[in-house]
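Peer 1: Mind having a look at this structure? Questions to follow.
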């Protein structure tokens, strides 16, 4: 019987070797994803979003990285797999759309050859169908004149076209999970909308699960089913998109939403979150990591320890108890999902 969850991550931690010792970049991550669900992972740069995604893909250097916990892809354990055993999963069960296609694509290989390379790694399609499959993929992602594009190099295409090629490669072998890591960052607004629509169209056709890594809360409000908020390598809140936008609890989630400009912004002054995400050497996972950034909560931060995620209402999880005491000094957050 096919499992409802395409992804189940439990107590996942990733540590990088830095100056001879391992330092945790993400810690104790629990996430699951159903088939057909869009999960958005949000947070500032340095929060650990991409580190988690590359752990799912098995892209970390095993000599410089320690990964613990469990990551099940379609009930198959990923952690511990390397080489050919991981390559058989990557591309067939999970595909990834990277942030910058110009660096992700091989500049010395023609587009058709790069898609063919992905098909050749797996046995999903026989070799005599490679050519027709390549044209089918390019047409599916909205690239005009595929016969011309297969013989072009990445630098000969626009940014939007390169990202469409990346999507074609990611879905070449019909994976059940698609990871989109900031897929529209380098594109203009019009092309951004087209790329997001394309990803969602493919997701619905295949009933695939999608992990969308982004800092754009407007995009999250439009496309996500569930939102996971990360800060300094930890999950701090997880809920349905409606619940999170209408009833945010964790101080970091509330700060992110308040710093996002909208027509409903209460004040003319744009709220700025004080400070920055701590470096790996500064992180103490037994402390509440965000409160130390909030000037009016620093005294409270010394008293509050980091705790496990707690379900405060149906499928709404929040880390620790600090949210019960946190308030902005001037006013309550107003507004919700656009």
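Using N, Cα and C of the backbone, Cβ positions are placed for all residues, glycine too.
Since the structure is predicted, the reported quantities are computational estimates derived from the model, not experimental observations.
Feature annotation from Swiss-Prot assigns ATP binding site to 43, 44, 45, 46, 47, 48, 49, 50; the stated evidence is sequence analysis. Sequence annotations record features per position, and here Swiss-Prot assigns domain 'ABC transporter' to 7-257.
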Peer 1: If you average the pLDDT over the domain 'ABC transporter' (7-257), what number do you get?
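Peer 2: Taking every residue of the domain 'ABC transporter' (7-257) together, the mean pLDDT is 93.
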Peer 1: Quick one, of the binding-site residues 45, 47, 50, which Cβ has the fewest other Cβ within 10 Å?
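Peer 2: Selected from the binding-site residues 45, 47, 50 on minimum Cβ neighbours within 10 Å: 45.
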Peer 1: According to DSSP, does residue 47 (ATP binding site) sit in a helix, a strand, or coil?
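Peer 2: Assignment for residue 47 (ATP binding site) reads coil.
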Peer 1: Give me the non-local Cβ neighbours of residue 46 (ATP binding site): same chain, 6+ apart in sequence, Cβ-Cβ under 8 Å, ordered along the sequence.
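Peer 2: Counting only residues 6 or more apart in sequence, the Cβ neighbours of residue 46 (ATP binding site) under 8 Å are 232, 276, 277.
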Peer 1: Check each residue in the chain of residue 43 (ATP binding site) that is at least six apart in sequence and keep those whose C-beta is under 8 Å from its C-beta; list them in sequence order.
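Peer 2: Set apart from residue 43 (ATP binding site) by at least 6 residues yet with Cβ under 8 Å, we have 49, 215, 229, 230, 231, 252, 256.
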Peer 1: Can you name the residues of this chain that are 6 or more positions from residue 44 (ATP binding site) yet have a C-beta less than 8 Å from its C-beta?
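Peer 2: Result: 215, 231, 256, 273, 276, 277.
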